[in-house]
Amino acid sequence: MKDLLKFLKAQTKTEEFDAIKIALASPDMIRSWSFGEVKKPETINYRTFKPERYGLFCARIFGPVKDYECLCGKYKRLKHRGVICEKCGVEVTQTKVRRERMGHIELASPTAHIWFLKSLPSRIGLLLDMPLRDIERVLYFESYVVVEGGMTNLERRQILTEEQYLDALEEFGDEFDAKMGAEAIQALLKNMDLEQECEQLREELEETNSETKRKKLTKRIKLLEAFVLSGNKPEWMILTVLPVLPPDLRPLVPLDGGRFATSDLNDLYRRVINRNNRLKRLLDLAAPDIIVRNEKRMLQEAVDALLDNGRRGRAITGSNKRPLKSLADMIKGKQGRFRQNLLGKRVDYSGRSVITVGPYLRLHQCGLPKKMALELFKPFIYGKLELRGLATTIKAAKKMVEREEAVVWDILDEVIREHPVMLNRAPTLHRLGIQAFEPVLIEGKAIQLHPLVCAAYNADFDGDQMAVHVPLTLEAQLEARALMMSTNNILSPANGEPIIVPSQDVVLGLYYMTRDRVNGKGEGMVLTGPKEAERIYRAGVAELHARVKVRITEHEKRDNGESVENTHLVDTTVGRAILWMIVPKGLPFSLVNQALGKKAISKMLNTCYRVLGLKPTVIFADQIMYTGFAYAARSGSSVGIDDMVIPAKKAEIIDEAEAEVAEIQEQFQSGLVTAGERYNKVIDIWAAANERVAKAMMDNLSTEAVINRDGEEERQVSFNSIFMMADSGARGSAAQIRQLAGMRGLMAKPDGSIIETPITANFREGLNVLQYFISTHGARKGLADTALKTANSGYLTRRLVDVAQDLVVTEDDCGTFAGIVMTPVIEGGDVKEPLRERVLGRVTAEDVLKPGTADILVERNTLLNEKWCDVLEENSVDSVKVRSVVTCDTDFGVCANCYGRDLARGHLVNKGEAIGVIAAQSIGEPGTQLTMRTFHIGGAASRAAAESSIQVKNKGTIRLSNAKFVVNGSGKLVITSRNTELKLVDEFGRTKESYKVPYGAVMAKGDGAEIMGGETVANWDPHTMPVITEVDGFVRFTDMIDGQTITRQTDELTGLSSIVILDTAERTSGGKDLRPALRIVDANGNDVLLPGTDMPAQYFLPGKTIVQLEDGAKITGGDTLARLPQETSGTKDITGGLPRVADLFEARRPKEPAILAEISGIVSFGKETKGKRRLVISPVDGSDAYEEMIPKWRQLNVFEGERVERGDVISDGPESPHDILRLRGVHAVTRYIVNEVQDVYRLQGVKINDKHIEVIVRQMLRKATIASSGSSEFLEGEQVEYSRIKIANRQLENDGKVEMTYVRDLLGITKASLATESFISAASFQETTRVLTEAAVAGKRDELRGLKENVIVGRLIPAGTGYAYHQERARHRQQGEAPAAPQITADEASANLAELLNAGLGGNDD
């Protein structure tokens, strides 16, 4: 009995392990795994269906086919277990050992493992320092390779052709040793002395100077060191023994009709065994060399195909012309082991059905069809039936359930009570795609869903299906209830706003209920309270929209927690008073006292959550929904064709537009405008006409004239159904109404260009055939786009999740003082995002001071909640330094303070929260709403791009930042610096507007000047770039020789002559080295010095500059000396939407990036080459100058002799994030990526919190390149995980050694995912073969730190509720004791025993 118990325990035992290591398998290791050699290619006997002996399914090697029964049937039953039958040699045991027992094949000739040969860079090639071509020629028996040169002049590893080999044989006899095939490569690898080779390479590395050579050497050193450290031997990359997969993993299944379905692997193994046996026979017979060679080559190819079919040459195909699936194909790709079976599995206790509305459900409930519930909860029902004694055995209980006896339904009710189920709608784009509900049993076959959770699921009721899952264990039920219940997920994790918001009918009902009407029935009544309002409405004395006075009692919560009553008479409507009855105590009446649209309702719920907490909000949301539905039904809103009122002005607007178009057409025919201009103008005209029609229509729809009580006419907001739906935000938008009742407007061709004939009709009038045909383009493109978009968005989400999956909150506070400075996002004249929204829920990194004083307003390490944000706003704080995950100092993971508030819960984030995955979901989920197209800018948009002045909108004070300027003759400021910013500050010191001011702009007002709204502050010419003098004096030309460096041009109309500097290419040979410039001299002819320096004022003129002064002309500071014409950038395509977001996260370099100054210093231009000019920046302190070649066609923003700071823009263009990181640092690149990504989402009206994007940026910055290695064991130029560098440097500092220096790297998300420390995670993402090959050679250990690795090995993840378990394990590991094995109680043991005996007795009771 005792050993039976022990046996039972052994069956259920799981291995406890802390890490997984991958390495090369030595031949001895493969033999030790194996249970016997497979010698024959046969599978099973087709008559008896028994496996053939020594074949691929042999029972001797792999174990019995039936449980506890040997093959010949001599031993059966449990009592013989462990016996090996003497007749058929099969061990009597469970048949499941056929899933784990391996076999092996002894290869007659060694073969190379194709992964280490062909996976680039070729590991064998790198190790031997031989080109892949040569190695292949040796392996596939085309050439010889010298293994030992002996005393001859032949080098080791030299390749010999057949002829050369024969010649060498004649010359040297057996002095040397040359071989071909895998034996040769194996011998070379065996003879390598890794340590010595390493030493040699290190010496070479010291001596060499060339960059490419260094790179090559470092690569080899790294590989050799990996071999030495991991204990792998190079010759193990050549196989002499081939392992055979257990047979149940490559099954052979009989189909009806005597045929068999088999796994492709069996075919591949058969080929190997056949060729191997043939080769053995040929070797025994001592066959001619050429035949043996051919057979060896075929064996090599067979092994290649088995390991990775199609990697080399043509893929081996099966009988149906389809390539066979090799071992490598089994694990990679979407259908491979990782993604199909380890990361996502199908689960038991689940079902799916169509969803319908459940408007009467509470928020935490869902309707579950009885049929489904009965099936899903079967085990619980059986248990209950047995417990109650209603059924004696499980079998009897089964029968009762199948007969659906009355008592079963009662039991089902009991079982289901308080047992949450999880509902999931595919695609699950964020964590709110799976939520838990309490089931309510319903008749019918459709699941009923609460309408308010539809927004989170993105579900509608047009045939969507949802899946139900049952959490079985107590822990799972607890987690479902405490964490996943729909009532706990009121706020969206992406932006912290309510996601349980009413939409459509509910919004329309509430909007209708809270609207007011002039002269409604019962207007002017005075009521005692909401109760009376409802009474008179129900009695029909007053209507819903009547304006009345009502006595309202508000409850205000004080800071100390007590609530104060406050009663007064309010002007409101009957409907609003009725609605007030369901509003929870503690909210102000002003929330309800307005026409409630969707935004207002959302705000109301948000306020409720922040003020009163979760429970009242949930109840309130439900009440809102019931009320909304009720009054939507009352309102009887419907859409009729008469509701689409066409404006009377439409015809005349269209006639005007057509007249304008005709005029342009005439101009075009008489040659006054070009074809392009005509096209652009026509489109502009029609776009404007469309706007005018739309405006007329909306004015017409949105108000109506009524007679009030005094008999006068008054305008009030319209009660037109279509208008109400759009205005409340229930359905439809102004743009859609415009198509119904205005004009449809311009349409686009499939290629994205706009067709110039607009559709002047609308849907109410109806389209004619041509108009309909033009419309079809757009409609089809829309559908095609959507399909593409979904796939692209899904892939972006997958990459984001993969890069961020292992980021978890691991400690409370890392104590860093670093952070990022937050300011409001201001573009031109509008505040796009106020400071409040950016810092809400963040933690301050340093004390926030009251502006203009030294008083501390907010202490360091304060979580900024709504109250603190109010304080900041009252004191008009303009910038706050907050903690950020990018600057967090935690080694693995981040700390709670750097992350701030958990957006979905509204308090500081908990330890163990998987913030990486949340961030990835929040960014990826709205991906499908982004556009796919690149915007071609033409027509209206391109002309707006050339701005020439700044006009402010508000009144306030001007502030100029990093500005240099001179005052010109007329007393105006002229800007002479490159990146000047103009900010408009209001009287509280808050920035309201911000603009970039270009070089050469003339400012009407200076720094600190007061200004009124609407004033123009700065002017400039957008088409030329001026050269401006900073001093007074006289102009003196240098190196300006007519015909050599300049030419004179006279304007025919004005007769003015101007000088044009020739481009280097146009100059004669004499003028090539001359540098035309303007010097400024005083009256005595001495150089004038630039103010504050000892440099003479001289301005070098680049090619194509126009000078309109004569030599010796008198000038004053601020005058324009010369102008450089700027080509106005033509129509550039702006990448927008999803592709732009992907580009940013992949950190792709733009096509023509902006050129930034690498160091600070003085600009000069060196010798030019044919197509490029040489830019030299000389530092002021006289250290080495920096040179860079820049293509001639790039327009430069700097002149010779100007001073630039590191990171300044030298030539405009899109900035490359890598340059920003290198020259301006981590904060700048974070700010750049966050702002650029936010711009794309903001355009679509999607709100995402900045910190999610910062989380991804942190992951993109997780590698650094070592600049100098100090006393560490890292190599220079090696790319290492940033956390490892930090830990190593801390260690070095403690030991008093030299620390290493490093440069942070920015990796794109795909690269960063593949470069993670965990090979399991990387392999399950992309390029499985390459990742596994690299990991095996390096003998990598996976510490299983991330989420993905733990999911794959089937453990609790180190996040959320699994975080504690992992902490506990880590603690035990430090104390050096394993957690105690779970104790088995006596009851469990006897139950298990009964089960086992049943199995042993063959008692199948089905």
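Glycine too: its Cβ is placed from the backbone N, Cα and C atoms.
Going by what Swiss-Prot states, the Zn(2+) 2 site holds C814, C895, C898, and the candidate of C869, C888 recorded there is C888. Using Cα positions, the member of the binding-site residues D462, D464, C888, C895 nearest to C88 (Zn(2+) 1 binding site) is identified as D464. In three-state terms derived from DSSP, C72 (Zn(2+) 1 binding site) belongs to neither a helical nor a strand segment and is classed as coil.
C895 (Zn(2+) 2 binding site) sits 39 Å from D460 (Mg(2+) binding site), taking the CA atoms of both as reference points. With C898 (Zn(2+) 2 binding site) as the anchor, the candidate binding-site residues are C70, C72, C85, D460, D462, and the one with the nearest CA is D460.
Highlighted in sequence order, E811, D813, T816, R883, V885, T887, D889, T890, V894, A896, N897, Y899 have their Cβ within 8 Å of the centre of the Cβ atoms of C814, C888, C895, C898, the residues recorded for Zn(2+) 2, and are not part of that set. A Cβ within 8 Å of the Cβ centre of D460, D462, D464, the residues given for Mg(2+), is found for these other residues of the same chain: I355, A459, F461, G463. All chains included, 14 other C-beta atoms sit within 10 angstroms of the C-beta of C72 (Zn(2+) 1 binding site). For the binding-site residues D460, D462, D464, counting C-beta atoms within 10 A of each C-beta gives the highest total at D464.
Within 8 Å of the centroid defined by the CB atoms of C70, C72, C85, C88, the record's Zn(2+) 1 site, lie the Cβ atoms of A59, L71, G73, K74, Y75, E86, K87, G89, V90, excluding the listed residues themselves. Around the Cβ of C895 (Zn(2+) 2 binding site), 22 further Cβ atoms fall within 10 Å across all displayed protein chains.
Around C898 (Zn(2+) 2 binding site), taking its Cβ as the centre, 29 other Cβ atoms fall within 10 Å, counting all chains. Here the Cα atom of D462 (Mg(2+) binding site) is found 58 Å from that of C70 (Zn(2+) 1 binding site). Of the recorded residues, C70 (Zn(2+) 1 binding site) and C888 (Zn(2+) 2 binding site) place their C-alpha atoms 63 Å from one another.
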